[in-house]
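Here is the structure we will look at, set down as structure tokens.
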Amino acid sequence: MDSPSNSTIPRGFLLQGFFEFPHLRPLLFLVLLAVHLATLSGNLLILVAVISVPSRPPMLLFLCQLSAIELCYTLVVVPRSLADLSMPGHGRGSPISFLGCAVQMQMFVALGGAECFLLAAMAYDRYVAICHPLRYASIVTPGLCARLALACCLGGLAVSVGLTVAVFHLPFCGSRLLVHFFCDITALLHLACTRSYVDELPLLGACLVLLLLPSMLILTSYGAIASALRRLHGGGGRRKAASTCASHLAVTFLHYGCATFMYVRPKSTYSPRLDRTLALVYTNVTPLLYPLIYSLRNREITSAIHRVLGLRGSGSL
């Protein structure tokens, strides 16, 4: 006899999306489309701007990778959601195959995990720049940046594969309706017909690796930076050093705050409809804010964007 999990393989799942709000869907489609196009434009502009810089400092290389991750991150989720919103009713939801759901979840976790590791690498870059400025060029070399970028991607990939295998080995019985617009971890765990805390251990392990470990590295880096700033006598130097960290801190709080609130909690607290609404924010709004934060706070990015757009006076910013 087939197991419950095997019986769902040929049928897959139904993504409910926002099919229960037929009158709201056209407006939601237009809003999400506008946000998605703005997100793509902002991150593509940063990529082109960084590539156009003749000599790229390490921080710009990290920003380039961050924008590339955000581009892929939104493309994994948003186009399918827009397609579902633009189509007439599919009954209770839009069908997605078992394999397609697994691939979407794996890519989503891999990109989110790579971003967690990348933010830790960027914190280390700021630590070396502020605490060891004379040795910065010899420590943070292009070769080190490339190795860190590769390690971030491989780390996110490894964790995502393990978590995806663990989640999709759970038995999915009864309803196969996911109250979500993409195959998110919490929606799948809520659908699994198990009540054991053991089934939540893979997610807990992934959170420890993707959230706790990088956050400890970030806190350590900024603890050293804060200690170094206290030793600076000139207020101007302290403000300049602190301003170089402001953009990274803002993005870090956004990314880790959303991820921690969504995934570091027991299954008993899951609320599918609330989680779906919150997911709209961290899959659409936060990727839009990242290029805005960096373009407003980073003078090198601002100057590069002005050069790409052919604007004058960028050197005075």
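Cβ coordinates are placed from backbone N, Cα and C, and glycine is handled just like the others.
In TrEMBL this protein carries:
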- 27-53: transmembrane segment (TRANSMEM)
- 42-294: domain 'G-protein coupled receptors family 1 profile' (DOMAIN)
- 59-78: transmembrane segment (TRANSMEM)
- 98-124: transmembrane segment (TRANSMEM)
- 144-170: transmembrane segment (TRANSMEM)
- 203-229: transmembrane segment (TRANSMEM)
- 241-264: transmembrane segment (TRANSMEM)
- 276-296: transmembrane segment (TRANSMEM)
Okay, the transmembrane segment (241-264) and the transmembrane segment (144-170): do they have at least three CB pairs under 8 Å, pairs separated by 6 or more?
no
Where else in the chain does the transmembrane segment (59-78) make close Cβ contacts, counting only residues six or more beyond its ends and a cut-off under 8 Å?
32, 36, 39-40, 43-44, 46-47, 50-51, 53, 104, 107-108, 111-112, 114-115, 118, 121-122, 125-126, 129, 142, 145, 149, 152, 181-182, 251, 283-284, 287, 290-291, 294, 298, 300-301, 304
Tally Cβ pairs under 8 Å between the transmembrane segment (276-296) and each listed stretch (27-53, 98-124, 203-229), then give the stretch with the top tally.
27-53
Mind checking which residues reach the transmembrane segment (27-53)? Cβ under 8 Å, same chain, six or more beyond either end.
18, 21, 60-61, 63-64, 67-68, 70-71, 74, 78-79, 81-82, 85-86, 280, 284-285, 287-288, 290-292, 294-295, 300-301, 304-305, 307-308
Tell me, what is the mean pLDDT of the domain 'G-protein coupled receptors family 1 profile' (42-294)?
87
